Amino acid sequence: QDAFVAFHVDKALVSKYLKSLQIGELAPDQPSIEPTKNKMLVKDFRELRATVEKMGLLEPNQLFFFLHLAHILLLDTAAWLILFYFGTSLMPFIVSLVVLTISQVQASWLQHDLGHLSVFRKTKWNHLLHKFVMCHLIGASAKWWTLLHSRHHAKPNCFQKDPDIDMHPFLFTLGKKFSVELGIKKKKYMPYNHQHKYFFITLPPLLFPTYFHCHTFYIAYTKRYWADLAWMLTFYIRFFFTYGSLLEIKSLLAYYFIFRMLESSWFVWVSQMNHIPMDIYYDNNLDWVSTQLQATCNVEQSLFNDWFTGHLNFQIEHHLFPTMPRHNYWKVAPLVKSLCAKHGLEYQCKPLLTAFADIV
């Protein structure tokens, strides 16, 4: 199936695990595609996938990712050096916070690439560097991220299958259809008529320093991701040792919480702009392309937008080809647009500020 092909780099290896699950072949008179799926679209997408592979668009440019990692490490070091050389007064404190926030967010975009196995040709190198970036540089579990994010990619915006929309209906009501359903059932967990106001002071600034902090440790502990936990502890030891030598305990805790809030805000606005304004409902078992297109939109390309969003402004291409290195999204975008035009699928692309406004 298309999802299987999209997720796996080494198909010969993972195919071995399918042998124990085979229960037989389809009878000759049985259709190979379910009636809810667009047969011609599936056929054309598989041809596009073959074209993409022939064009070498799934091959990573390792210099691109090396330079990206280098600028993350330089910013991470600079954040500490600013406090070391200029002292801990208000201005150096603020500048250091901003620099560390940029480093952390850019590291989160890089761990995203590594988690999708798009940086190295060999899977094991992606996993190893993923642990370094996610666990040591950011302080979260790599396996925790993979567990949640793979489910998101498989069924984006599908209620009870995509963990990214688990906040419905407890904090927010998402999607027009679900909003109507809650109204009919007269279920009210929050004052949803004000959710566009309390969104600003809840999800963006608090997702990382509260929920994600607890959840990543909880999953890593309960699922016994001991290697991840060990790597994560190296982040906290390094952070509190290096910054603790310069800041008093109150300032240190304030510094940590503020940069987590800034990082969280940046991440939430970017990650939600591609999905939250789109269709959100139960899984209708559509084909791979339709499932991704109805839940995903793009943001216009520019050098700043590419850097600021970690190339997640090309969210459509990323969802159709999750293992594609992000520096190739712009090359495949015209081919995806042509496929959408041929089959009457909407290919949404917005300015950055419009995408942010659409969340609200």
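Backbone N, Cα and C atoms are what each Cβ position is placed from, and that goes for glycine too.
Of the listed segments 70-88, 89-107, TrEMBL assigns transmembrane segment to 89-107. On the 0 to 100 pLDDT scale, the model's mean across the domain 'Fatty acid desaturase' (91-349) is 95.
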